[in-house]
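Contents: one structure, followed by commentary.
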Amino acid sequence: MEMDRFEIQRQQGEPPPVATGGQRWLAWRLRLSGRRPSRDLATSSERSLISPLMLRRPLVRALYWGIFSLLLLATVTTFGPLYWMVSGALKSNVEIFQTPPTFWPTHPQWSNYSNAWQILQLPLYMWNSLLLAAGAVVLQLLVSATAAYALSKLRLRGKHAIQFAFFATLMVPSVVYLIPQFVNISDLPLIHVSLINNWAGVWLPEAANAFNILVLKSFFDTIPGELIDAARLDGASSWQVFIRIVLPLSRPALAVITIFTVIASWKDFLWPLLVLSNSNLQPLLVALYHESGLNANLPFSYLMAGLVFASIPPILLFLLFQRQIIRGVNLTGLKG
Amino acid sequence: MLLSSSSPSPLSPPRESAPTLMSGAGLLAARGERAHRRQGPLTRRLWALWRQVQGYLFLLPALLIFALFVWYPVLLGFVMSFQSVDLINPATWVGWTNYRHVLADPLFAIAWRNTLAFTGYALLFGYVVPLVLALAINEMRHGKSYFRLAFYLPVMLPPIVTVFLWRWMYDPDAGLLNALLSLVHLPGRLWLEDPQTALPALVVVATWSAAGSTMLVYLAALQGVPASLYEAAEIDGAGFWRRLWHVTLPCIRPIMLLMLVLQIIATMQVFIEPFTITGGGPQHATLSVLLLIYTYAFQNADFGEASALSVMLFLVLAAFALVYMRMTSRLLQGD
């Protein structure tokens, strides 16, 4: 990660040029990029309800290890079903419906995975899911970053009214306008175009994401105004300030939004199900749903194998970007 | 005037050339702009106008998308609830007929009762579990990150995977649950076929897949409790339970309230579990409001009635959302 002016100056021991704005901004960057802000916090989080002194008592120690093993046991409830899915996909078509079920497949059929990969046409549907996610990221970043920049750094008439109109949509869950949205998509006003069976019908409605604007705007707000003024003095236009200063400095916030958009797009089900009835356009999860219902000849273990394949990308993303995701969840939990 | 800070100098050169570094040339250019700005008021007003236009160009994509895909459909929903819409014939105005039909439908009361029961069960299972998990994990000196990962994992699974997996585990013959019960010599159950257990069974699925993210929020809140408070309480002689009651819980109380409201809003929109696992059965025991809306629209092709029911759901959810907004603004002010 490259250094910016303020971090370099801070390292040299100089006070930051803008005390409050700069520090808040730095705190945000640290929070989003997942680094610990300071030693102090790391040590203070060690101190919790149970005091170190209490832990020296044998009874408390015993209790502590008791709770520890209880928690360990409880993780079986999350790993158990996952194991059941992965091992179920290895069972033969007879064994999978056997009563009582076997806990470990007697003759693991590793070919189930490769067969499912072909029969369920997973390459096609994975590719569709991937493209849907990529389009969602591009469109959402474009729409929310430009809007957040205008709301945060430009002086505009009527800005507050527009801001209110954006953020008020946070109060309206999208399912309550699911039906009119469907009618809307099937015949857009004025231009009378139908986006049914068109990826744009999935991309465009999800691009109206006020939460992204909120996160980006509050991040942009912490970028010191002096930095932008300096660039303007040098003759940069608002577009150049946006491209060359605001966006490069906001990489951590943009990364969080990208990760969340990819995961949300991959997991999305109801809306693509309604919009994309053409099976060549469907994302993986919608296709699996249809396969399970229509194709009664589909071996159940193949369906399970398909589900395993569908779970791998989000789990992989989580393992790779754990810190960003955890911080993002904390942001959404508080504000969205 | 686009300078966001309140700098007193009138230096806001509206130049469109590439930015130069803070060099003599740049400063000269800026000075040139100042001379330029001394020209008549008309030029200045034109520049101000150009600035506004430029700013609105940045807002344009979001304004278009929001207008077309949020504000318009929300309004359309209210309009459609007074119309007969089947997507084949042109819509006709029918007044309150849709509302009357929806209210007269025997499924209306069932769907609302089920949805409220779902929300109630979800709070019963789903409110305490993440809190207790977070409290316990926060005390752990070992394996903290493992626990966090293990309990968050189900959140990462796509919902369709979760529901298919659980439908199979609930299977009375080949399912995991009855197999485990028979291991300890307990009789199995028809989990999803019995109207008594079908709804709670779905709540378990929903809780399993959502508890992890609530837990993470609580964990973050618990780490924010200042150590000095614990130390002060300890010096005053407060034991474990009194520290929990008088230090920990009051510190995370705002977050707990927020989570409560968020969870109510989320669980009232329950759809995917009944839609894919039970189809609303048995005997409508798991029919939720959203599932009824879906049925009106995509099985009866009656988008007007579906919109009328959506409007009712909207009003209920908006009431909770208002509570949520008030709470967050109070919380943010408290910072």
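Every residue gets a Cβ built from N, Cα and C, even glycine.
The transmembrane segment annotation in TrEMBL covers B:55-74 (among others).
Sequence annotations record features per position, and here TrEMBL assigns domain 'ABC transmembrane type-1' to B:112-324.
Marked as transmembrane segment by TrEMBL: B:116-137 (among others).
The transmembrane segment feature in TrEMBL is assigned to B:149-169 (among others).
With a threshold of 8 Å between CB atoms, the same-chain residues lying at least 6 positions outside the transmembrane segment (B:199-221) that come near it are 114, 117-118, 121-122, 125-126, 129-131, 133-135, 137-138, 148, 151-155, 157, 159, 162-163, 166, 170, 191-192, 251-252, 255-256, 259, 263, 266-267, 270, 273-274, 277-278, 285-286. The transmembrane segment feature in TrEMBL is assigned to B:199-221 (among others).
The transmembrane segment annotation in TrEMBL covers B:252-272 (among others). Within the chain carrying the transmembrane segment (B:252-272), a Cβ under 8 angstroms from the stretch's Cβ atoms is held by residues 115, 118-119, 122-123, 126-127, 130-131, 159-160, 163, 202, 206, 210, 214, 217-218, 221-222, 225, 288-291, 294, 313, 316-317, 320-321, 323-324, 327-328, 330-331, 334, all 6 or more beyond its ends.
Residues 77-78, 80-81, 83, 85, 98-99, 101-102, 108, 258, 261-262, 264-265, 268-269, 289-290, 292-293, 296 of the same chain sit 6 or more residues outside the transmembrane segment (B:307-325) yet have a Cβ under 8 Å from a Cβ within it. The feature transmembrane segment is assigned by TrEMBL to B:307-325 (among others).
Packing against the transmembrane segment (B:116-137) from elsewhere in the chain are residues 144, 147-148, 151, 199-200, 202-204, 206-207, 210-212, 214-216, 218-219, 222, 244, 248, 256, 259-260, 263-264, 267-268, 270, 288: each is 6 or more residues past its ends and has a CB under 8 Å from a CB in it.
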